[in-house]
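Noted in TrEMBL for the protein shown:
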type	residues	note
TRANSMEM	20-41	transmembrane segment
DOMAIN	23-207	domain 'Cation efflux protein transmembrane'
TRANSMEM	53-69	transmembrane segment
TRANSMEM	85-109	transmembrane segment
TRANSMEM	121-142	transmembrane segment
TRANSMEM	154-180	transmembrane segment
TRANSMEM	186-203	transmembrane segment
DOMAIN	215-288	domain 'Cation efflux protein cytoplasmic'
Amino acid sequence: MSHDHAHQHQTEIMNYNRAFSFGIALNIIFVILEISFGFYADSLALIADAGHNLSDVFTLLLAWGAYYLSQKTATQTRTYGLKKVTILASLISTMLLISALGAIFFEAIDRLKNPESVDGLIIIIVAGIGVFINAATAYLFLQGQKEDLNIKAAYMHMVADTAVSAGVVIAGLLIIFTGWLWIDPLLSMILVVLIFVGTWSLLKDSVNLSIDAVPQNIDTEEVKAYLLSLENIISIHDLHIWPLSTTQTAMSAHLITESITINNAQLNEIHKVLKERFAIQHATIQMEYNAEGHHCMVADEV
């Protein structure tokens, strides 16, 4: 399933430095507020949750660092630069998110077995602040998460925390009016399951990109069909497509032509279509004349 990428990956030209710095600042403020409210209400749960939200700060720092490094220019020893760190960052962030969900789930099981009395009003106030801060941070990455898996991993962290905080608000209200302490852990478990289901595709994509699988938005058969439809091209071999980063893709292929003359204009057009139609920004194409041992020409990215 190929996508029309005529906009040429909007995230590549967007600067997320401000979004990351703003999101990190908001989450640090929230951690401080949680610790303060935790000591005021003598709530170990709030203090423990502050530790969880501190991991969100680390996740944002990780994604920001990867984003920054991916902008570095290529060197003699790193000919593609450090673009691939965004893939590693998205995989680490996803694993951290799943670990956090697991911790919340098992804590909820323990609280179902051993209910603890909580100050519903304090919980609602803190969770309400959490909803605002996490939702605001998620919004900063709303557009970028559609195109960049590294940004999406950070976005999913914030969405998950927004959902959990919203669940805590609902649970706090129900506890105030009913006194049912089991509502909070039960609702937490339901939210964890729903978030995990939504995170599964992110994990799968992160793993696939980390092992150089073809990005999910590119259909190899469609790329092959396009190349075979070109004038004078009679066959293809050694077609490889792999990710350079969470936003850039590379390709190499040998095209067998029945024309002994290499058409540079055609090669330029191939690169243009690969970039705009299939979101393949870096292509190396070797044109080979049909007769074995005859003319061949390598056309790198134009």
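Here the Cβ of each residue, glycine as well, is placed from N, Cα and C on the backbone.
Automatic prediction, not curation, is the source of TrEMBL annotations.
Secondary structure of the domain 'Cation efflux protein cytoplasmic' (215-288) per DSSP (helix as H, G, I; strand as E, B; remaining residues coil): 24 helix, 27 strand, 23 coil. Between the transmembrane segment (20-41) and the stretches 53-69, 85-109, 121-142, it is 121-142 that has the most C-beta pairs under 8 angstroms.
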